[in-house]
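*Asks:* My structure is below; once you've seen it, I'll send some questions.
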Amino acid sequence: MAIASGSWVATVNHHANPHSFTSPTKPIFFLSQKPHNFHVCSSRCSMVLEEDEKKSPSPKEDKWPFFEPGPNDLNRVLSRFLRDPETRKLSSEFYEKAKENSELRTTKHLISYLVSSKSWDLLVSVCEDLREHKALPDGQTCSNLIRSCIRDRKFRITHCLLSVFRSDKSLAVSASDAAMKGFNKLQMYSSTIQVFDRLKQSVGVEPSPGCYCRIMEAHEKIGENHKVVELFQEFKSQRLSFLAKESGSIYTIVCSSLAKSGRAFEALEVLEEMKDKGIPESSELYSMLIRAFAEAREVVITEKLFKEAGGKKLLKDPEMCLKVVLMYVREGNMETTLEVVAAMRKAELKVTDCILCAIVNGFSKQRGFAEAVKVYEWAMKEECEAGQVTYAIAINAYCRLEKYNKAEMLFDEMVKKGFDKCVVAYSNIMDMYGKTRRLSDAVRLMAKMKQRGCKPNIWIYNSLIDMHGRAMDLRRAEKIWKEMKRAKVLPDKVSYTSMISAYNRSKELERCVELYQEFRMNRGKIDRAMAGIMVGVFSKTSRIDELMRLLQDMKVEGTRLDARLYSSALNALRDAGLNSQIRWLQESFDAAQTSTSKYSNTKNTGTLS
């Protein structure tokens, strides 16, 4: 028998077959017949241990087990004992004791060496030889070997080794379990299914709970939920131990598959079955069930499961809490959303920005901006951390309530926290500057926005055009208009209306007509705001034909006239003496639609007569 390590060189001298092996790194151990001489050479000592053949056992008793070398301490102790003549006999006995380790240790080290040296084909050959001699290693070694092959992407070797290990029932199960787990990690679910099918084809081999867990996980990942349920029924029929560590995962997977198949109530029955059998529930199981019932808007069941999970300290999924919050928002139970936040805080679960913005936005739409602001301030007192979207909603609420100082303070706080590229927040602040006639602040904000790498959108351009148009600063408005087009931001209806309105105030009516024609060429749809401006423009410029075309387009597009617009158009036609056009206008836009004044109706009737 030869032993070699980093500091050992061992030589075995046999009467017929001398063996020697040296390795600077890894030890390899071979089984040989009884040695006559055993020479130990070490960097620390060089001694010879002579065995007395008279005391050697008979051939019948010559059973040398496999040897597992001890740690470096064993080398040091043996060397020290061999130096002293008085302890040489003791060292021999100590060495014999060391050889009495498990008989499979040598196989483990040989396999470990072949794996580390990447000798895959030789590894398969060794395992086949071990099968021939019925000396396969234990289940743990086989499982580690399979995991190593999959980790190094040696899938052909993996399947070859699995075929070798299937000769032993216990090894077949443990090795297949390790293989399926490895394939699932690599998302090779078809390979997992293949391994499970071959395992079931083996005679007298029953898959373990772990094998069922891996195969159910694979089918769930590829969307075969019906197959998961079938395997679960098969698992229960096998009467395997429900107290296995994989049982909780198995029940979680089947509940998830049932919920995804729209069978949430059956999943709830499976949960009750778990409780009856004493299988501990997991946070993933509760999360999946709560999400399923929240999406189905089953409020009572969702509340029950949510409270149950909170009582068992299994609230660990913020996404599930978001589903519950959205359910309450859709149902209009806004106050209950605050209870969800309180439960999350109690469970030390972070309240995400998605949850906060859903709550604040829900209050804003259903209860008004004042309530939304109160909820936001309450959340901040609860030490919830707002994100970019929540900040934007709160800033908009403050602006709508005309609390401009708070809106600006909140915007500054938002920028300091690093949320300096939120276009919606910039738009709200820009609109606020326009309403408060702070044109210079708006221009500075635009410059900062560009400096921070945030591109202005159509809302910001519209706000700037509108505020400069109202201030009669047409040069600045035209500059912004051209900049918007250079940035390839297409003008919308509001953009054109603001520009036309600005030029109308400055009495540049021809420019108004040019912009209107450009708007119509771009297939813009007329609204009452633009129609009101253009009726006045066409009337002032005596463009009666274009006025009639405008009114006809409005009728075709279904745009309704208000009293002011109706009166303006009617007066323009009357001044031009176009009675037939007046009659058409009255027939096309009746008094019920326009809600015109009694004075206008009376005056128009007198004109027709």
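Using N, Cα and C of the backbone, Cβ positions are placed for all residues, glycine too.
Quick paste from Swiss-Prot:
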TRANSIT   1-44  transit peptide
REPEAT    103-137  repeat 'PPR 1'
REPEAT    138-168  repeat 'PPR 2'
REPEAT    172-207  repeat 'PPR 3'
REPEAT    208-242  repeat 'PPR 4'
REPEAT    247-281  repeat 'PPR 5'
REPEAT    282-316  repeat 'PPR 6'
REPEAT    317-351  repeat 'PPR 7'
REPEAT    352-386  repeat 'PPR 8'
REPEAT    387-421  repeat 'PPR 9'
REPEAT    422-456  repeat 'PPR 10'
REPEAT    457-491  repeat 'PPR 11'
REPEAT    527-561  repeat 'PPR 13'
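Could you place the listed features in the three-dimensional structure?
*Replies:* Residues 104, 107-108, 111, 115, 118, 120-121, 123-124, 127-128, 131, 174-179, 182-183, 186, 191, 195, 198-199, 202, 205 of the same chain, all 6+ positions outside the repeat 'PPR 2' (138-168), place their C-beta atoms under 8 angstroms from a C-beta of that stretch.
For the repeat 'PPR 3' (172-207), DSSP puts the residue distribution at 27 helix, 0 strand, 9 coil.
Mean model confidence of the repeat 'PPR 4' (208-242) amounts to 88 (pLDDT, 0 to 100 scale).
For the repeat 'PPR 6' (282-316), DSSP puts the residue distribution at 26 helix, 0 strand, 9 coil.
Among residues of the same chain six or more beyond the repeat 'PPR 7' (317-351), those with a C-beta under 8 A of the stretch's C-beta atoms are 283-284, 286-287, 290-291, 294-295, 297, 299, 302, 306, 310, 358-359, 362-363, 366-367, 375, 378-379, 382-385.
Within its own chain, the repeat 'PPR 8' (352-386) has Cβ neighbours under 8 Å at 318, 321-322, 325-326, 329, 332, 334, 337-338, 340-342, 344-345, 393-394, 396-398, 400-401, 403, counting only residues six or more beyond its boundaries.
Long-range contacts of the repeat 'PPR 10' (422-456) within the same chain: residues 388, 391-392, 395-396, 399, 404, 407-408, 411, 414, 463-464, 466-468, 470-471, 473, 487, 489, each at least 6 residues beyond the stretch ends and with a Cβ under 8 Å from a Cβ of the stretch.
Residues 493, 496-497, 500-501, 504, 509-510, 512-513, 516, 519, 568-569, 571-573, 575-576, 578, 581, 585, 588-589, 593-594 of the same chain lie 6+ residues outside the repeat 'PPR 13' (527-561) yet bring a C-beta within less than 8 angstroms of a C-beta in it.
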*Asks:* Near the repeat 'PPR 9' (387-421), which same-chain residues lie under 8 Å Cβ to Cβ, leaving out any that are not at least 6 residues past its ends?
*Replies:* 352-354, 356-357, 360-361, 364, 369-370, 372-373, 376, 428-429, 431-432, 436, 452-454
